[in-house]
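Participant: The structure is given below, and queries will be raised subsequently.
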């Protein structure tokens with residue numbers, strides 16, 4: 001009887017012990033199988049990712065080749081698809097990376113931030129100083145601006161406002177979202193499209209002596225296409241008659257009053273601010289004070305943020321709060337202009353004079369270009 005009493009006890013102990021071991025074994029086996037599955041799954045994705053990346057590169061290369069071949073047949077001097085910063089793409093990429101980095105940091109610090117449609121836009125003009133203005137504004141703590149030019153209202157409008165919103169950097173309550181695309185000012189459909197987005201949008205136009213601007217525009221194009229005709233031959237439809245070719249974009253952009261008429265059909269003058277491109281060089285702090293007042297912001301960007309570089313011929317930016325070195329815009333800014341026949345320059349000045357005078361009257365500001 002004693003044996004039979006002990007025997008059941010012997011059965012109970014090993015059975016419980018075995019169950020525990022079996023349970024642990026099942027857990028370990030499941031984990032082991034899961035780890036193998038994950039490893040195999042990860043490894044299987046690596047080649048496909050590499051292949052996908054390679055395919056995208058090939059596709060991008062094909063597109064580039066197609067665009068290059070199409071570009072040969074375009075009028076390169078009136079190419080509306082030519083970015084204001086074309087040839088300075090490295091600078092815009094750097095600015096965009098900085099913007100993305102800022103988004104990442106701010107997003108990690110403040111989850112309440114979100115992407116908003118811009119409340120203010122720098123709409124022009126090409127070779128007027130829009131990049132200098134944008135980079136100066138990006139120093140302001142209450143401004144969040146996308147570095148690259150979205151070209152939404154002139155080239156990508158069919159992609160919709162949500163696509164446009166996604167391009168914007170994150171901003172918090174009280175911060176102003178901005179972008180700049182210089183071709184907006186001279187593009188026919190843009191005023192109505194911006195008005196449809198928001199009739200309260202504040203618009204900034206950076207203007208510059210139209211003759212100097214045209215020569216700068218030509219200089220940029222020639223830096224990429226050295227074999228283009230001379231500035232003199234492009235300026236005139238008929239050189240002997242002195243007839244200016246107003247279809248050439250380099251000339252057409254500087255007819256500021258003509259373009260402004262289109263904007264005033266949709267926006268009152270008080271919603272537009274005209275910034276002097278020359279002033280951004282000679283008195284950047286003064287121009288920035290006007291811009292910040294126009295945007296309803298405190299004057300956070302002042303003379304301490306600018307350092308004039310004699311070699312460059314224009315101010316460089318610095319962040320005094322972090323004791324950083326001055327940052328100058330790239331080597332593609334401030335290119336040396338070619339020598340232009342003085343008679344051609346004078347004829348252009350005579351051509352622009354009535355447009356300038358009308359522009360002065362419309363804006364209530366004499367920019368002193370004559």
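Sequential numbering from 1, following the chain as shown.
Positions of Cβ are set from backbone N, Cα and C atoms, glycine also.
Please treat TrEMBL annotations as automatic predictions, because they have not gone through curation.
Pulled these from TrEMBL:
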- 22-43: transmembrane segment (TRANSMEM)
- 118-353: domain 'Sulfotransferase' (DOMAIN)
- 127: active site, for sulfotransferase activity (ACT_SITE)
- 127, 128, 129, 130, 131, 208, 216, 333, 334, 335, 336, 337: 3'-phosphoadenylyl sulfate binding site (BINDING)
- 316-328: disulfide bond (DISULFID)
Participant: How many Å separate the Cα atoms of residue 316 (disulfide bond) and residue 131 (3'-phosphoadenylyl sulfate binding site)?
Facilitator: 12
Participant: Where does the mean pLDDT land for the domain 'Sulfotransferase' (118-353)?
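Facilitator: Reported value for the domain 'Sulfotransferase' (118-353) is a mean pLDDT of 93.
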Participant: So which one is it: of the binding-site residues 216, 336, which has the fewest other Cβ atoms within 10 Å?
Facilitator: 336
Participant: Quick check for the class: what is the C-alpha distance, in angstrom and rounded, between residue 129 (3'-phosphoadenylyl sulfate binding site) and residue 328 (disulfide bond)?
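Facilitator: Rounded to a whole number, the Cα-Cα distance is 13 Å.
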Participant: Which one is closest to residue 127 (active site, for sulfotransferase activity) in space, judged by CA to CA distance, out of the recorded positions 216, 328, 336?
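Facilitator: Among 216, 328, 336, 216.
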Participant: Let me check the 10 A CB neighbour count of residue 316 (disulfide bond). How many other CB atoms are there?
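Facilitator: Result for residue 316 (disulfide bond): 18 other Cβ atoms within 10 Å.
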